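Asks: I grabbed these lines from TrEMBL:
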- HIS446: active site, proton acceptor (ACT_SITE)
- LYS52, ASP313: FAD binding site (BINDING)
- GLY182, SER183, GLY184, TYR185, ILE186, GLY187, LEU188, GLU189, GLU205, GLY272: NAD(+) binding site (BINDING)
- 5-324: domain 'FAD/NAD(P)-binding' (DOMAIN)
- 348-455: domain 'Pyridine nucleotide-disulphide oxidoreductase dimerisation' (DOMAIN)
Amino acid sequence: MIKKDAIIIGSGQAGNPLALKLSAAGLKTVLIEKSEEMLGGVCVNVGCTPSKTLIASAKAMHKIKTAHKHGISVPDVSIDFEITQKRKNDIVAKSKKGVKKNLEEAENLDLIYGTASFSGEKTISVQNESEEAIEFTAPYIFINVGCRPATPEIDGLKDVKWYDSTGILELQEIPKKLIVIGSGYIGLELGQMYSRFGSEVIIVEKAGQIISNEDADIAENLQEILEEEGLTFHLNSEIKNVKQDDNKITLTFTKNNKQEQIEGTHLLIVTGRKSNADSLHLEKAGIKQDDKGYIKVNQKLETNVDGVYALGDIKGGPQFTHISYNDYVIVSDNILEQKNTSTEGRIIPYTVFTDPQVGRVGLSEKEATEKNLNFTVIKIPGKRITRGLESAETQGLWKAVVDNDSDKILGAAIIGSEGGEMTSIIQMAMKGNISAKDLQTFIFSHPTYSESLNTLFDELE
Ligand SMILES: Cc1cc2nc3c(=O)[nH]c(=O)nc-3n(C[C@H](O)[C@H](O)[C@H](O)COP(=O)(O)OP(=O)(O)OC[C@H]3O[C@@H](n4cnc5c(N)ncnc54)[C@H](O)[C@@H]3O)c2cc1C
Ligand SMILES: NC(=O)c1ccc[n+]([C@@H]2O[C@H](COP(=O)([O-])OP(=O)(O)OC[C@H]3O[C@@H](n4cnc5c(N)ncnc54)[C@H](O)[C@@H]3O)[C@@H](O)[C@H]2O)c1
């Protein structure tokens, strides 16, 4: 049994900075990552970094194809997908190399590869393929094991070649006709990306709207934009079965009680993610989970077992890199600096990286209604954004929810160029108690997208 001060399981978006911070503070720390291939976690290897890199290439292609809006004609646009993929692979490799170097060079920190699981309340067993299991014990244990793609039960799927979010990012060819099951973040981002690379894309979704947690007007606006680009949507659709004959995949589903069939050359299934806690033998430590397998934590990210914490996607709730990173900040503040930081009142921003982006922060209209708040909704269409007009980017919708009693901004959704950056500005206003009325006359430089926040908040009476 090897004794440490801290054990971190999973080299995710919280595990890596936490390992560096604890070890720099003098705590003898071990970071256990399942495989060297996944060092750096989902975001770096198979999530944000590869997807956003390829999405940027697809955007470059789209800009060229639509340059005629500016009177510029470009004949015969073509793509060498091998180069596009290499650019992505190089960026991922570089990010990972940086993570590895930092971890390996840190004092007081051991990085080991293998699958970790609990063998007792404060003991962790690590198994890799070639060696005998190693046992560690420590007063502090941090779980940052994340999630993996969830696959729905679909009749016939086992006989079909299909891709999840990881496999589709590795394709060496551009699909002729891509069927996507699921219209969440990944389905929309990667669906639009392959459409821009030249695929015909059909998205099948069981809910009545895309990005099903968002307000209906936001979902409808984004769907219209994607349809204008050529993507096709089937909502309210229940998958019945899937079949493959050579290169032809046939998906059968019922939509509004009518049976429909579509054909494609490739199939992407992106219907959410599931907890990786099943590898951890949490029962041996008595750590409690919810009914979906996420680890239960309090507002300080403590599990029910003293000294054991869960951070990032594995604790349930919003699954974003920046939330996982903020979990690390909370835990390290409390342990190393004896602060009293918690998740309470944390303002959650996120961005769907379609183009235009959907930037979101705080409460949606739907959530404000559910909370029975006294609020006003203000909206302006993308065509009123001056900077967008000048840049031939007039799509979208800007929307904010404002509390009537306090004049505080409760939340916003911005579909538009750099929608994610725009909602970050609103987030700063929310955090700094800058009121909605202040933003009516706040000085932003002209002509920026930010300047149109004056126009949005001017909609308030
Ligand atoms: C395609 C895609 C695109 C995304 N894009 C974005 C985006 O643009 N913005 C955003 O904010 N979020 C995005 N996300 C979500 C984001 O990647 C996750 O929220 C983020 O990675 C959360 O990380 P985490 O800290 O929970 O751990 P993870 O990054 O999931 O890492 C967990 C690590 O634990 C390891 N592990 C698992 N089990 C064990 C075990 N038993 N023993 C040892 N190690 C183990 C895994 O190998 C993995 O390396 C995207 C996700 C995907 C799939
Ligand atoms: N830009 C970002 O921040 C970003 C990008 C990608 C992923 N992510 C994270 O990864 C998570 C997973 O993304 P995701 O897109 O896989 O999940 P998601 O939960 O966002 O969307 C899944 C979609 O699939 C639909 N669905 C589920 N089962 C279905 C079925 N049987 N048939 C048809 N549709 C079905 C759901 O109704 C939902 O609309 C996200 O929740 C997000 O937290 C974030």
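Each residue, glycine too, has its Cβ placed from N, Cα and C.
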Asks: Closest to ASP313 (FAD binding site): which of the recorded positions GLY184, GLU205, HIS446, going by Cα position?
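Replies: Nearest in space to ASP313 (FAD binding site), counting only the recorded positions, is GLY184.
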Asks: Cβ within 8 angstroms of the Cβ centroid of GLY182, SER183, GLY184, TYR185, ILE186, GLY187, LEU188, GLU189, GLU205, GLY272: which residues besides those meet this for the NAD(+) site?
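Replies: Same chain, not in GLY182, SER183, GLY184, TYR185, ILE186, GLY187, LEU188, GLU189, GLU205, GLY272, Cβ within 8 Å: VAL180, GLY191, ILE203, ILE210, ILE211, VAL270, THR271.
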Asks: Please work out which residue of GLU205, ASP313 has the most C-beta neighbours within 10 angstroms of its C-beta, and give that one of the binding-site residues.
Replies: ASP313
Asks: Can you list which of the binding-site residues GLY184, ILE186, GLU205, ASP313 have their Cβ under 6 Å from some atom of ligand 1?
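Replies: From GLY184, ILE186, GLU205, ASP313, counting a Cβ under 6 Å from ligand 1 as near, the near ones are ILE186, ASP313.
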Asks: So which of GLY182, GLY184, LEU188, listed as binding-site residues, have a Cβ under 6 Å from an atom of ligand 2?
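Replies: Close enough to ligand 2 are GLY182, GLY184.
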Asks: How many helix, strand and coil residues does the domain 'Pyridine nucleotide-disulphide oxidoreductase dimerisation' (348-455) contain under DSSP?
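Replies: Grouping H, G, I as helix and E, B as strand yields 37 helix, 32 strand, 39 coil.
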Asks: With every protein chain in view, how many other Cβ atoms are within 10 Å of the Cβ of GLY182 (NAD(+) binding site)?
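Replies: Its Cβ has 24 other Cβ atoms within 10 Å.
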Asks: Limited to the domain 'FAD/NAD(P)-binding' (5-324), I'd like the whole-number average of pLDDT.
Replies: 97
Asks: Would you please pick out, from the recorded positions LYS52, HIS446, the one with the fewest other Cβ atoms within 10 Å of its Cβ?
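Replies: Across LYS52, HIS446, these recorded positions, the one with fewest Cβ atoms within 10 Å is HIS446.
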